[in-house]
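According to TrEMBL:
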SIGNAL    A:1-25  signal peptide
ACT_SITE  A:HIS71  active site, tele-phosphohistidine intermediate
BINDING   A:THR80, A:GLY81, A:ARG116  substrate binding site
ACT_SITE  A:GLU143  active site, proton donor/acceptor
Amino acid sequence: MHNLRFRSLITFTSLWLIGRQRSSCVEEGTAIGDTKGQAWNNDWDQGNPMAAQVSAGQKSKASRHIIMVRHGHYKKSKATGDQLTDLGRRQAKLTGKRLREWNISWDQVVVSTMTRAQQTSEIILKELNFDPRSVVHTDELREGAPYLADPPSKARRQKLEESIRRDGPRIEAAFRRYFYRAPPDQERESFLLIVCHSNVIRYVILRALQLPPEAWTRLSLNHGSITWLTVHPTGYVSLRFMGDSGFMPVQQISSRCSRDSGLKPPKEIQNRG
Amino acid sequence: MRKFTAFACGTGAGLATFYLTKLNEPKAAVHNSWTRSEKPVDACALWDNNWDLRDPKSLVKPVKNDLSQEQNRYNTELEKVVPKHARHIILIRHGEYLDVGDTDETHHLTDRGREQAKYTGQRLQELGIKWDKVIASTMVRAQETADIILNEIDYEKTKVKNCAFLREGAPIPPQPPVGHWKPEASQFFRDGARIEAAFRRYFYRAHPDQTKDSHTLIVGHGNVIRYFVCRALQFPPEAWLRININHASITWLTISPSGNVSIKYLGDTGFMPVKHLTNRIPRPAKNVV
């Protein structure tokens, strides 16, 4: 009996010591000043082939600017499919003009394959100096439910989980494809324009800034608004502005789609646009 | 065989004791930051609905028993404290300025800064909002910006509140730390609590007697606005430096009656010509805030 007690004492003490050791490691690793949150990870793009050399220790020299545009106002309709409205077209035109004002030479333009994004990008590209034939069209950027939101939405949990199961990994894949540090042979800043959807943009902002992704519903974006993220050579990411739509007259600002039927859809679905 | 059983029992008992003690320990200390240090934060950082201590359920005595009388009492009291309307908080950063001299008194807006403020004022006027409150930081650059904005919008100048809590400062050591900006720990110690106090002063869900959506305009500074955004959206506040906002930009936060907070846009400056956009003092950076 004595033997038994002794053994349990040893097991207990050793496990307790190990546990203590581990928790103190965590604190040393993250704390700067008073902060005990998650430390910034500079090497977040590991595994992206574009950043492989940088990850392996070579220096990245230039910044990558990623400018994301939400599609314009559109109407949901079973008969004709979801199409941009006149308002949406005007918004897209204004967005295009604003982007032209920046006088940027675009390195790449990527567009979601959904009709509203396609139509928006067509209008925008008329304003920009970029060959429409070199635009990349991708299914990865299509609208969807990226992550279980917190604070929780009122939509049915099961249905939400199903959509997240379907869309979540795909949207995460889009993030991983387009966000990485510039490869070492990139000499000057590069500019990537992405035309896609609100949920995707909101999720990607949080992922890029290493903020909790479940917070995506706390952000909202107007139609045709511009969001500007910069990936610095060090691996630091900063947000320059989010949902910039000040270039539109106030009456033309919208953030929700309209529908054919007079019935008002529940809030959660309205949000998805 | 006996030896083996003894060994097994001993180890088992040891493991059990270990986990039992672990369960009893106060929650492993994962704190979001010092600002919330009184509350341990869950690893997955769930939304805290009682962030302003005004969650109706927390303001009413809980139900004591199953009697319908008691239920009714609870429901009526709850009804009385539930907010019905939203609060919109619109944050404006001051325009471009130059830090000539050692004190704030000589840090005036540049000509461009004045123009930026004018554009912002015009945009705010265009938004057609009836302002319930306008608050400006007491620093010269914010005061000058507020003056120019007030020329454009419909609000009586004498009613503007000046608030020293909103002055620029170092809110919390940023994560990741950034090379060129390294204030002393004492600066964070001094400013951090004060800026948190400013947050608590202006960010709360509507009072139950508020009869319509309200709009509060705050003219302040880059660091303070970025910290407010992180705190209001319940992001780790040490992330504030990952956000950059332009001079005289508009940031729109909404606190809904449920206590949820959302952001409409951050650092909106689309109403200014691109050549007017700036976000720092027009000279090589110096260690100032």
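Each residue, glycine too, has its Cβ placed from N, Cα and C.
Just so you know, TrEMBL annotations never went through curation; they're auto-generated.
In sequence order, A:TYR74, A:LYS75, A:LYS76, A:SER77, A:ASP82, A:GLN83, A:LEU84, A:THR115 are the residues of the same chain, not among A:THR80, A:GLY81, A:ARG116, whose CB sits within 8 A of the CB centroid for the substrate site. When Cβ atoms from all protein chains are considered, those within 10 Å of A:HIS71 (active site, tele-phosphohistidine intermediate) total 31, not counting its own.
Put simply, the two farthest-apart Cα atoms among A:THR80, A:GLY81, A:ARG116, the recorded binders of substrate, are 12 Å from each other. The distance from the Cα of A:THR80 (substrate binding site) to the Cα of A:HIS71 (active site, tele-phosphohistidine intermediate) comes to 18 Å. By a simple count of nearby Cβ atoms, those within 10 Å, the most crowded of the recorded positions A:GLY81, A:ARG116, A:GLU143 is A:ARG116. For A:THR80 (substrate binding site), the Cβ neighbour count at a 10 Å cut-off comes to 9, with all displayed protein chains included. Taking the C-alpha positions, the distance from A:GLU143 (active site, proton donor/acceptor) to A:HIS71 (active site, tele-phosphohistidine intermediate) comes to 11 Å.
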